[in-house]
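Taken verbatim from TrEMBL:
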COMPBIAS  1-12  compositional bias 'Polar residues'
COMPBIAS  21-37  compositional bias 'Polar residues'
COMPBIAS  50-86  compositional bias 'Polar residues'
BINDING   Gln243, Lys259, Glu280, Gln362, Val363, Phe364, Leu365, Glu438, Asp454  ATP binding site
BINDING   Glu280, Asp454  Mn(2+) binding site
DOMAIN    326-545  domain 'FAM20 C-terminal'
ACT_SITE  Asp433  active site
COMPBIAS  557-566  compositional bias 'Acidic residues'
COMPBIAS  567-579  compositional bias 'Basic and acidic residues'
Amino acid sequence: MCRAANNRSTTPTEPPRIRSTLPNQPTESPRRQTSQPIFHESAPRRRTQPTESPRRQISQPIRQESSSRHQISQPSLHEQCQQPHSIQQRASAVLCGFGEWKNGPHLSEGRVIPSHPVETFPVGQKGLQNQPKPPSLSRDDHADPFNFSFSSNKLILRKLHDYVKNVNFEEMKKNECKKNLTLSKYWENSQQRYVPEDDSWEKFYSNIRSCSVYSDDAMVDKLLHDLNTMPIKNVHIMDGGTQVKFVFTFKNDKQAVFKPMRFGRDYESDPNHFYFSDFERHHAEIATFHLDRVLGFRRAIPTVGRVLNMTTELFEKAEKKLKKTFFFSPAKNFCFVSRCDYYCDTTHAICGFPDMKEGSVQVFLPDESAVPRKHNRNPYRRTYSKKNQIAEWQNNMNYCTDKVKTKQQYAHGRRLLDLVDLHVLDYLIGNQDRHHFESFNVFDNVPSYAIHLDHGRAFGRSDFDDDDILLPLRQCCIIRPSTFETLLKFYSAPKSLTTALHESMSKDPAHPILAYKHYPAIERRLAKVMTYILECFESRKVEEVLISEFHNLDVSDLEQNEEDQSEEHQEKNDVKKTV
């Protein structure tokens with residue numbers, strides 16, 4: 001039995017082989033109201049005619065009975081739709097179009113755009129976009145992805161180069177990872193255990209390293225190909241997920257997690273929605289994997305896009321409780337609801353076009369019984385509350401010095417630098433939902449690193465930069481030399497970060513992965529990252545900012561097992577609540 005990558009498993013496995021892990025007040029009943037007289041006693045009774053449904057009434061002219069007091073007849077709704085002049089008529093015109101769409105209105109189609117300034121006809125909440133067909137099936141987008149003007153700030157760039165002109169980056173990078181062992185080599189040397197490599201899953205597991213999830217790009221590309229093409233054997237609902245996720249079991253009995261496409265690439269998160277209730281986007285997982293690789297981290301889990309036939313690859317392979325949630329929509333599209341905490345209802349059903357559905361497929365991490373992991377609470381975790389929205393670290397710029405650097409988990413080694421790397425990545429992709437992070441706990445005497453997991457709520461808005469995501473960098477003022485060198489290269493070199501990202505994502509079968517409006521947003525955020533690093537250089541010595549390992553001399557460098565165990569115990573009892 002397997003579980004999702006972000007869930008713990010207690011199922012024992014055979015020691016030699018690594019298995020994947022799964023990852024209101026009540027109202028009165030209408031019948032009681034019928035006990036009241038419907039007609040006045042003085043009024044003559046007459047037989048009532050059955051009324052049509054409201055939708056049919058809209059398509060017919062609304063007749064007004066003339067009286068001696070009102071001789072002016074009101075225009076019908078149909079006439080209002082033909083010539084909407086007043087604000088009220090324009091509002092009525094919105095109702096006219098709903099009977100004409102087959103698949104539901106688009107965001108802009110659902111509203112009448114007035115000729116007057118926007119202030120005269122304010123727009124409310126965003127509507128939900130209809131579900132389009134997979135973009136990879138059309139390939140009709142010939143727009144230039146780099147049709148925007150952006151240039152680096154020459155003054156900032158010159159100052160950054162002046163500060164680091166005497167830094168030996170190659171020598172410093174050697175100290176970032178002193179022992180980069182593969183899992184197979186580590187087990188062979190320490191326990192005389194043999195790790196099989198019969199398929200791309202096992203090759204990926206055996207090559208997990210002590211400093212990164214993977215290092216062989218060719219091996220990962222083969223794994224991505226298998227995730228995209230291998231026949232599916234079974235489909236199960238992924239337990240513990242807040243939104244729709246499936247567990248795919250392939251013909252080789254290896255597994256992966258599938259997130260279906262809910263909206264198109266250009267859908268933006270509603271500004272009125274909280275980060276913890278936002279819809280997850282499958283393409284955000286794919287894009288983040290590629291950005292992580294372009295930045296040289298290689299700590300994100302391999303993820304690829306895949307277009308499925310909902311009949312032959314989902315419905316026919318689905319477990320019984322999942323199969324019961326499939327149905328045909330009024331537009332004759334094949335849909336499912338599944339079971340989850342959020343948005344698993346008919347209103348938010350996920351539909352094919354008519355039965356083709358795109359999604360992201362992410363390989364499972366090894367089962368925790370074979371390759372254990374730690375679940376760490378992020379010290380820069382948000383409140384996840386509607387009432388108390390500001391956390392302590394968002395109000396106290398000394399939070400890192402007083403509350404983070406003094407903890408043994410972050411006082412020595414690589415963990416604090418990993419946290420900064422993770423938040424730099426989250427800032428570039430616009431991910432506010434970082435409450436925990438995981439790390440492998442299998443390499444003895446080698447410090448573990450943060451695995452880059454769970455990016456489904458990234459790339460929600462291209463017009464907003466949440467600078468609070470970067471507070472670990474701004475407050476701690478430390479960064480790895482390799483991370484800074486990579487960011488500086490993309491900020492100053494002719495080949496921009498989004499150019500490299502676009503080239504990497506173009507290899508995915510489901511490309512285009514991102515709406516092109518996110519490209520200038522990434523470049524804009526990169527410029528802000530470099531500005532904040534410059535502020536650290538100006539307030540501290542360069543050698544205090546660019547470090548391979550962090551050590552707080554005021555905190556004892558002793559064994560951290562006791563504190564780590566207490567943190568692990570806290571993680572098991574920590575339930576994310578939204579109030």
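Just so you know, glycine gets a Cβ as well, placed from its N, Cα and C.
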* Structure fact -> Cβ atoms other than its own within 10 Å of the Cβ of Leu365 (ATP binding site), all chains, total 25
* When a 10 Å sphere is centred on the Cβ of Val363 (ATP binding site), how many other Cβ atoms does it contain? -> 24
* Which one of the recorded positions (Gln243, Glu280, Asp433) has its C-beta surrounded by the most other C-beta atoms within 10 angstroms? -> Glu280
* Alpha-carbon spacing, the residue listed as 'active site' to Asp454 (ATP binding site), which is rounded to whole Å -> 9
* Structure fact -> Of all C-alpha pairs drawn from the ATP-binding set Gln243, Lys259, Glu280, Gln362, Val363, Phe364, Leu365, Glu438, Asp454, the farthest apart lie at a distance in Å of 20
* Structure fact -> So Asp454 (ATP binding site), by the Cβ count within 10 Å over all chains shown, scores 22
* How does the model score the domain 'FAM20 C-terminal' (326-545) in terms of mean pLDDT? -> 93
